[in-house]
């Protein structure tokens, strides 16, 4: 019996320090990404989403590192750890859903949704609205269910919780659905290869499915999973840290053409919109017509 607890304790510590290590590496990557996206790359409707997504990932990883260090020093986990980190995680999820859907619409309806035909600050306004709406969407259920303070009302908690579960399910479905649409129709039903931002949406959707969804599931089923699968939360946290840390590397690999390409050149090639080609809508290849 004691050996089982020892194995679980060791496994938990390994996941904890892996999450801390990945978060530290991701902080450096997202800081560089924010620097280049914020100061050295011309803004457009698509890379505006990625700039805000990098900011959300940076805040998520910063909270991970801060609360992890506090846990090491104090010897116990702060009660605010989960709601605060999940707040920035949810902002990133919402931004990723908006980015994927926008890429999908621009690919399907280039005549109406292309960057040149939309109001200039549409993406900026939408990102600011997402930041503003996510805070009450996460903090109100957390407060009602006793994550921010002691004491809770079961009926009020259930009402807020199922509301948050609904919008999280919708966001996850939008992001995954849009990325899968781009993956399938962009490769099978178009005579042209998908534009670079559509490819980034495809890769981000795959990362979301494998690395972000577990933490969403934990938020939705926290009491059950905490009792039945106590290892689920640290594992989901590690996967979420991997997702937030992998995006800068993904952008760099997508933009790199030569082995010795500098970071700024690769990121500008991957995220700059001045060289973005037309999104060209869906059409069947000639040999299928």
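A Cβ is built for glycine as well, from the same backbone N, Cα and C atoms used for every other residue.
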I'm curious whether residue 47 and residue 198 share a membrane side according to Swiss-Prot, where sharing means carrying the same topological domain name. yes
Would you please say which range out of 223-243, 244-264 has the annotation transmembrane segment in Swiss-Prot? 223-243
The residue range that Swiss-Prot labels transmembrane segment, out of 144-164, 165-185, is 165-185
Here the stretch out of 14-34, 121-141, 200-220, 223-243 with the most C-beta pairs under 8 Å to the transmembrane segment (53-73) is 14-34
Along the topological domain 'Extracellular' (142-164), what average pLDDT does this model show? 90
Give residue numbers and ranges for long-range contacts of the topological domain 'Extracellular' (142-164): same chain, 6 or more residues beyond its ends, CB-CB under 8 A. 79-80, 82-83, 86, 219
